[in-house]
Amino acid sequence: MSNLVTARLSEKNIGIVFGCFAPCHLGHFNTIMQAKRENDACIVVVCGQPGDRGEAVELDLRRRFRYMRELFAEDEKVVVTELDETGMPLYPNGWTEWLEAVQSIVKATMVSSAEKLTWYVGEKEYITELEVRTNDFIRFINRQELPISATLIRENPYKYWRYIMLPFRRVFSMNILVLGTASGGKSTLVKDLGRYFDSPYTDEYARRYEEKYNVRDEELAINDFNYMGAGQFENNKNAIISPMNKGLMFADTDVLVTKVYTKYYCSPQEYAQLAPSFDLLIAQQQWEIIFVIPPITPYVNDNFRDMSYADETSRWHLHQLFMAELEAHQLLEKVVMLDQKGNLETDSQGFYARYEAAKKHVQNHVHNKSGIWID
């Protein structure tokens with residue numbers, strides 16, 4: 001049962017854990033578990049204000065609060081609360097104002113006053129400040145027992161990935177997109193890269209959608225494109241938040257691709273209806289690398305694809321639409337063109353050459369960001 005619908009706490013012994021949680025890591029989690037198990041329940045106070053250190057990694061206060069709520073959604077003995085410190089004096093000042101705000105939150109969370117409140121802190125100066133302002137119990141947590149910090153994670157999330165609590169990992173995931181016109185080998189490339197790097201990967205949702213409803217490209221209506229855009233977004237999102245994500249995720253197309261195909265197949269009026277909703281989703285996508293495969297391989301008739309744009313002119317026109325859309329969303333700096341030619345005898349269409357190029361680029365990128373080389 002979600003603690004969103006749990007009644008206010010009636011327990012008598014309450015542990016209190018507060019922090020920025022940018023991000024929440026195993027050290028934080030262990031502290032919360034100790035506070036819960038040494039007491040009847042635990043109140044977690046997620047603190048922050050606009051411009052704090054969490055925002056530098058796209059973890060503003062509300063997002064941190066939401067992710068902490070998600071983390072403890074099924075734990076009725078942990079209640080997650082939020083404290084916006086806007087207007088309070090900055091640390092190390094403002095202890096009196098801050099404590100009054102936290103005490104108000106604790107009071108609002110309880111049915112009646114607790115018999116015993118215990119604060120769990122990891123900084124000795126916190127003990128001093130709390131002791132002069134409250135008669136509550138204070139428990140010091142030795143952080144050296146699990147030497148990890150949010151600062152270390154923010155500086156090198158890939159290196160410390162296993163310490164990041166699951167809901168927060170999505171912010172630090174290196175998401176890699178592969179796009180291009182049909183018959184370029186992108187779907188196979190995504191699968192092969194995902195398997196090589198032992199990472200989650202997605203398929204092209206539009207293809208799955210068309211097969212499910214037995215509809216061809218040229219038969220798609222405006223509602224179909226709407227469903228396919230939302231479906232592709234959800235498809236990629238699920239891979240990003242998957243417990244199988246170890247820091248890398250590979251996607252076969254995204255909402256931007258759906259938007260381009262909508263422009264290609266629908267009337268200008270229909271496209272104008274859907275474009276704003278696509279743009280909202282595109283803005284939420286965070287790509288580390290965008291591999292673009294140009295139409296340099298023969299078009300394969302699989303008796304499913306629309307053959308009306310199988311000619312070279314149409315394929316290159318569609319490619320240019322992709323590039324224009326990437327530019328419109330200021331994504332060109334993330335683009336890596338996969339146009340390598342292969343050995344004429346063993347790799348005449350360059351599929352292996354492009355796989356090797358993509359693999360090495362990912363290896364170098366991860367190494368440059370984390371210092372870790374993936375064999």
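Numbers run from 1 along the shown chain.
Quick reminder: no glycine exception, Cβ is built from N, Cα and C everywhere.
Those TrEMBL annotations? Automatic predictions, nothing curated.
Taken verbatim from TrEMBL:
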BINDING   18-21, HIS25, 85-98  NAD(+) binding site
DOMAIN    17-155  domain 'Cytidyltransferase-like'
DOMAIN    176-331  domain 'NadR/Ttd14 AAA'
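Summarised by DSSP class, the composition of the domain 'Cytidyltransferase-like' (17-155) is 58 helix, 30 strand, 51 coil. Put plainly, the binding-site residues PRO89, PRO92 were compared by Cβ crowding within 10 Å, and the winner is PRO89. Of all the binding-site residues listed (PHE18, PHE21, TRP95, TRP98), PHE21 sits in the most crowded Cβ setting, with the most other Cβ atoms within 10 Å. Packing around THR86 (NAD(+) binding site) is summarised by its Cβ count: 10 other Cβ atoms lie within 10 angstroms of its Cβ, all protein chains included. Each residue in the domain 'Cytidyltransferase-like' (17-155) has a pLDDT score, and their mean in this model is 96.
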